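Asks: Pasting a structure below so you can have a look.
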């Protein structure tokens, strides 16, 4: 007959061993789960493992296809812009275009071997005239984009860095400007100084800086939470020194992307104002002026007068948008969840 005390001891020891074995298995299971999470870039992954997971995701077919499309968009957009810019600079010069010389013997001639896209109402070759107009429109758009970006970046940086009533006041000004349609506000500004290049640039720049200001303000508010900003302030740096040395350089990529994205908007606004007769002076060949001068000729059957300028306008817009979108994707990385799709 077995000793009750011995049997109880053996039973207790067996249960303890079973519990120890179960605990070891549980620990191994937890470690395995952590390893799987780390290998897949889960929440418990270390930075090196995050990078490894990101590289594995980047090698997926979807990521490769997205990278290929972005590269193609960049190449096609950049090449198109280069061709348009070269044509806008060289063609009017090589063709000997003089916008002041009129040839009434060649008025509204249809496309032919001599004039590939015909002539306008004053006998000027439309290929040379359209590229000359594209040059003027792009130069005006670049000037407007630079002014809008610089002004908006300064306002957004000050608003985000200072905060308080300054931030609230500046954002109310932004909301007020955004509440009015940009084209309508531009028409009001241009109407005060009709036919002036300065008025056109001012009207476009003053109606497009608000978007840049909001983007830069949001970026500055995010940067203010970074440890190195706290360290700079704790080290005795003034608020303006922090803005000048740390915040403004950090928002340059976002501001640059905003400037490129503003180019198509500026081109279309200049075209709309000139088409309505409120834009650039009539003697300046811009896309808007060419379309405005040719709208009556279209009713007479001279459809070719507006064809090439319209095509150049659309192609330039698509090319700039493609380059800007690709640049934005490179400078502002997507979230990891988007990379995994």
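Each residue, glycine too, has its Cβ placed from N, Cα and C.
Automatic prediction, not curation, is the source of TrEMBL annotations.
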Asks: Between the candidate ranges 109-126, 199-216, 217-234, where does TrEMBL place the transmembrane segment annotation?
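Replies: Going through 109-126, 199-216, 217-234 one by one, TrEMBL flags 199-216 as transmembrane segment.
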Asks: Quick test of your reading of TrEMBL: among 1-32, 33-64, where does it put region 'Disordered'?
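Replies: Going through 1-32, 33-64 one by one, TrEMBL gives region 'Disordered' for 33-64.
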Asks: With the ranges 169-193, 269-293 to choose from, which does TrEMBL describe as transmembrane segment?
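Replies: Within the set 169-193, 269-293, TrEMBL attaches transmembrane segment to 169-193.
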Asks: Please identify the stretch among 74-94, 169-193, 199-216, 247-268, 302-327 with the greatest number of Cβ pairs below 8 Å relative to the transmembrane segment (136-162).
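Replies: Looking at each of 74-94, 169-193, 199-216, 247-268, 302-327 in turn, the most contacts to the transmembrane segment (136-162) are made by 199-216.
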Asks: Compare 169-193, 199-216, 247-268, 302-327 by their Cβ pairs under 8 Å to the transmembrane segment (74-94) and return the stretch that comes out on top.
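Replies: Per the Cβ count, the answer is 302-327.
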Asks: Among 199-216, 247-268, 302-327, point out the range having the most Cβ pairs under 8 angstroms from the transmembrane segment (169-193).
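Replies: It is 199-216 that shares the most Cβ pairs under 8 Å with the transmembrane segment (169-193).
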